[in-house]
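Per Swiss-Prot, these features apply:
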type: LIPID; residues: GLY2; note: N-myristoyl glycine
type: DOMAIN; residues: 26-61; note: domain 'EF-hand 1'
type: MOD_RES; residues: SER27; note: phosphoserine
type: DOMAIN; residues: 71-106; note: domain 'EF-hand 2'
type: DOMAIN; residues: 111-146; note: domain 'EF-hand 3'
type: BINDING; residues: ASP124, ASP126, ASP128, LYS130, GLU135; note: Ca(2+) 1 binding site
type: MOTIF; residues: 137-148; note: motif 'Nuclear export signal'
type: DOMAIN; residues: 152-187; note: domain 'EF-hand 4'
type: BINDING; residues: ASP165, ASP167, ASP169, GLU176; note: Ca(2+) 2 binding site
Amino acid sequence: MGSRSSHIALIPDVEHIRRETGFSQASLLRLYHRFQALDRDEKGFLSRLDLQQIGALAVNPLGDRIIDSFFPNGSQRLYFAGFARVLAYFRPIDEEDATLRDPKQPEPLNSRMNKLRFAFQLYDLDRDGKISRNEMLQVLRLMVGVQVTDEQLESITDRTVQEADEDGDGAVSFLEFTKSLEKMNIEQKMSIRILK
């Protein structure tokens, strides 16, 4: 790895990325090394194929959807800033930072609301602001695989949408999604401890 260095100053726009993501310099340096390791051809960016080589994503039923979140608007190249930005959603919430946060500043990427927005977009494939019954069925099918019959899966889907759908339109809006997850500790469930 001769040309690859471990100095923080080599990361393009490091200060901007640090402010946007909330990552410490040490965490950014670790992420940058991971980014470089995934960039086997030293192109300076990652492709979908590079991310598909990550074992945890390869076996995750939502792996393809998670990978899609790294490539917004049909982009084909993922630079380090985008890589760090998506991973920032999974950064644990630091209670001290939350209490000291300037309300005039944008909400941190790892806030409860932003974690929920990230999760919502994994379901809302057509980006219409609602999770349709069909979208919910697709996600549940990915998650349970062949462990349940199609009939059971249809029933689970109908019940899930029905319980969350407060306005009776047959779909789950973002507001309904957040209300349905009020009691869930999303801050913990959507955090990766190594991402501080």
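Cβ atoms here come from the backbone N, Cα and C positions, even for glycine.
Feature map: Swiss-Prot annotations on the structure.
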| residue | record | Cβ neighbours (10 Å) |
| --- | --- | --- |
| SER27 | phosphoserine | 19 |
| ASP124 | Ca(2+) 1 binding site | 22 |
| ASP126 | Ca(2+) 1 binding site | 10 |
| ASP128 | Ca(2+) 1 binding site | 10 |
| LYS130 | Ca(2+) 1 binding site | 19 |
| GLU135 | Ca(2+) 1 binding site | 20 |
| ASP165 | Ca(2+) 2 binding site | 18 |
| ASP167 | Ca(2+) 2 binding site | 10 |
| ASP169 | Ca(2+) 2 binding site | 11 |
| GLU176 | Ca(2+) 2 binding site | 19 |
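Outside the domain 'EF-hand 2' (71-106), and at least 6 residues removed from its termini, the chain residues within Cβ reach (under 8 Å) are 11-13, 16-17, 20-23, 28, 31-32, 35, 44-48, 50-51, 112, 114-115, 118, 187-188, 190-193, 195-196.
LYS130 (Ca(2+) 1 binding site) sits 12 Å from ASP167 (Ca(2+) 2 binding site), taking the Cα positions as reference. Within 8 Å of the Cβ centroid of the Ca(2+) 1 site, not counting the listed residues ASP124, ASP126, ASP128, LYS130, GLU135, the chain contributes TYR123, LEU125, ARG127, GLY129, ILE131, SER132, ALA171. Taken as a whole, the domain 'EF-hand 3' (111-146) shows an average pLDDT of 93 in this prediction. Same-chain residues with CB within 8 A of the center of the ASP165, ASP167, ASP169, GLU176 CB atoms, the Ca(2+) 2 site residues themselves not counted, are LYS130, ALA164, GLU166, GLY168, GLY170, ALA171, VAL172, SER173. For the recorded site, ASP167 (Ca(2+) 2 binding site), the DSSP three-state label reads coil.
Classification of SER27 (phosphoserine) by DSSP places it within a helix.
Following the DSSP three-state reduction, the secondary structure of GLU135 (Ca(2+) 1 binding site) is helix.
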